[in-house]
Amino acid sequence: MMNRIHAVILDWAGTTVDFGSFAPTQIFVEAFRQAFDVEITLAEARVPMGLGKWQHIEALGKLPAVDARWQAKFGRSMSAADIDAIYAAFMPLQIAKVVDFSSPIAGVIDTIAALRAEGIKIGSCSGYPRAVMERLVPAAAEHGYRPDHWVATDDLAAGGRPGPWMALQNVIALGIDAVAHCVKVDDAALGISEGLNAGMWTVGLAVSGNEFGATWDAYQTMSKEDVAVRREHAASKLYAAGAHYVVDSLADLSGVIAHINARLAQGERP
């Protein structure tokens, strides 16, 4: 029984809650507008997803199109003080609204129950800072999602993604004996990098999250052709980041775990 998966470490928005990862992306658009009356698109807001939120704003400012808009308005590129101001606008908006995006994605509760029935522990980490997570975690618990541990992007002095530290903090907290017995699941490329840097198996989610970028209602009414195109776009980004597996959503994870267990039994490692 030792040579098998002992823990999965799950992202939050777009992986376990908030189908399409809209809570953070919409707030970035609002924060840029509120702080400096600068417009960014939802697609631009999605590009650096997975970073801590201050670093996410910094990365947005470096996108060529956003930098061009900033230069046109202010005659210079975004400064650290500008990032601080946008972050200061972002935080209260995100804290106020994250609870509205706390419902588990379809299949999450059943999948977690199935994993726990196999003795698998449930860790989690997020690009959200602790102030946001302290609102999101209890709200998700009210809907039935309660991981065994969670780590926020600003909890650790070493930093957040794409570094391995949040994933490894879960390993420590959960008492897992080997990182090769862990699976990191994420809907964003940086979360896949995090898992790889931590020495874990990685599973990307192509439909439920940031790269697919649709609401649940929009997904339900989308044509098969549109779904296929968007799925392929998302999957290609996740595979390019190094994901060992890519599936649509967490509802598909149990079969992947069985496949990884078979590989572990044959002596394979991530």
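Note that Cβ sites are derived from N, Cα and C of the backbone, with glycine treated the same way.
According to Swiss-Prot:
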type     : residues             : note
ACT_SITE : Asp11                : active site, nucleophile
ACT_SITE : Lys53                : active site, schiff-base intermediate with substrate
BINDING  : Asp11, Ala13, Asp187 : Mg(2+) binding site
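A gap of 8 Å separates the Cα atoms of Asp11 (active site, nucleophile) and Asp187 (Mg(2+) binding site).
For the pair formed by Lys53 (active site, schiff-base intermediate with substrate) and Ala13 (Mg(2+) binding site), distance between Cα atoms is given as 13 Å, rounded to the nearest Å.
Counting every protein chain shown, the Cβ of Lys53 (active site, schiff-base intermediate with substrate) has 24 other Cβ atoms within 10 Å. In the three-state DSSP assignment, the secondary structure recorded for Asp11 (active site, nucleophile) is coil. Listed recorded positions: Asp11, Asp187; maximum Cβ neighbour count within 10 Å falls on Asp187. The residues near the Mg(2+) site, meaning same-chain residues not in Asp11, Ala13, Asp187 whose C-beta sits within 8 angstroms of the mean position of the site's C-beta atoms, are Trp12, Gly14, Thr15, Thr16, Asp18, Ser21, Met49, Gly50, Ser126, Asp186, Ala188, Gly191, Leu205, Ser208, Gly209, Asn210, in sequence order. Counting every protein chain shown, 30 other Cβ atoms lie within 10 Å of the Cβ of Ala13 (Mg(2+) binding site).
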